[in-house]
């Protein structure tokens with residue numbers, strides 16, 4: 001592996017310790033091989049971005065549509081349970097998808113997409129077929145919550161790590177394009193479930209979802225293959241107990257600690273609102289149909305937000321854009337959702353679209369903060 005490849009891989013690692021900081025200038029100026037000096041200008045790099053797009057489509061797309069599934073279960077198989085009880089199912093899926101990246105990140109560094117991409121397909125796709133057979137509460141906990149969460153963590157880590165390995169100057173744009181796959185998945189999956197659940201029932205609807213995930217993820221795996229860098233192991237990557245643990249020395253950096261806490265709180269609010277919005281619509285008397293529409297509208301706005309704010313963040317600093325969008329989103333929540341959310345469905349639809357755009361900036365901007373290694377590059 002060339003010196004450039006080691007630098008780029010280190011910059012993309014999730015455990016961004018102060019000792020492992022890599023300067024962008026060193027990355028751009030240390031390559032002995034001219035063919036590798038600017039990998040992001042290669043069409044193959046953008047083909048890999050499309051592969052990440054296809055991986056995030058069924059993974060984060062399902063996460064963005066979790067409220068649709070929860071509202072359906074609340075009215076059918078699990079009608080005897082409260083929304084709080086059902087929230088444990090979707091909440092467990094979401095939390096494991098995000099939390100287990102700590103464990104799967106070192107595996108991605110060690111084995112690359114050649115091994116982990118097919119493994120993601122082998123674990124994530126069967127989850128849908130198994131979920132179609134679930135009838136009891138604990139079935140859904142184990143199948144959707146635990147199995148789906150573990151498989152989703154592996155799938156999302158592969159997709160996001162690919163961007164970190166290949167991009168520097170246009171990392172925000174590349175990350176926004178890849179994450180747009182989850183927004184598109186949130187729109188189409190919620191609309192698809194709205195259409196097929198009444199006609200096909202739960203079992204066959206989950207099978208359709210399984211075949212959809214199989215198709216997109218298989219194509220995504222193929223998109224990862226052309227770039228040789230993604231098919232080789234990173235020499236010396238830590239694997240096992242030591243490599244899969246949090247490196248708390250990173251939190252000695254005060255800016256890093258504050259950004260990490262802010263990102264934690266952002267995602268806490270983001271996925272909570274996305275999951276509970278359909279339930280809120282039903283409780284407000286707008287019906288389950290409004291819940292399906294809200295998820296689709298929210299993800300449509302998020303699709304635009306992820307791409308546009310990622311592009312702007314590359315120029316103005318991701319943290320600057322993120323803080324601006326947080327302020328705007330808080331104002332929108334206060335003047336639209338709080339006073340009118342339970343009174344007018346139009347106001348709720350408007351809030352969903354604007355919240356979707358703002359939340360899209362949260363998702364595309366947050367990784368950019370960690371990928372850049374100098375504070376002036378993220379807007380500080």
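Residue positions begin at 1 at the first shown residue.
Cβ atoms here come from the backbone N, Cα and C positions, even for glycine.
Remember, TrEMBL labels are computer predictions, not curated facts.
As stated in TrEMBL, the feature transmembrane segment covers range 44-66 out of the listed 44-66, 228-250. It is 44-66 that, among the stretches 44-66, 115-131, 175-196, 279-298, 346-365, forms the most Cβ pairs under 8 Å with the transmembrane segment (208-227). When each of 86-103, 115-131, 279-298, 346-365 is checked for Cβ pairs under 8 Å to the transmembrane segment (175-196), 279-298 comes out on top. A Cβ distance under 8 Å defines the sequence-distant neighbours of the transmembrane segment (86-103), meaning residues of its chain 6+ beyond its ends; these are 14, 59-60, 63, 66-67, 69-70, 73-74, 78, 137, 140-141, 144-146, 148-150, 152-154, 156-157, 244-246, 267, 271, 275-276.
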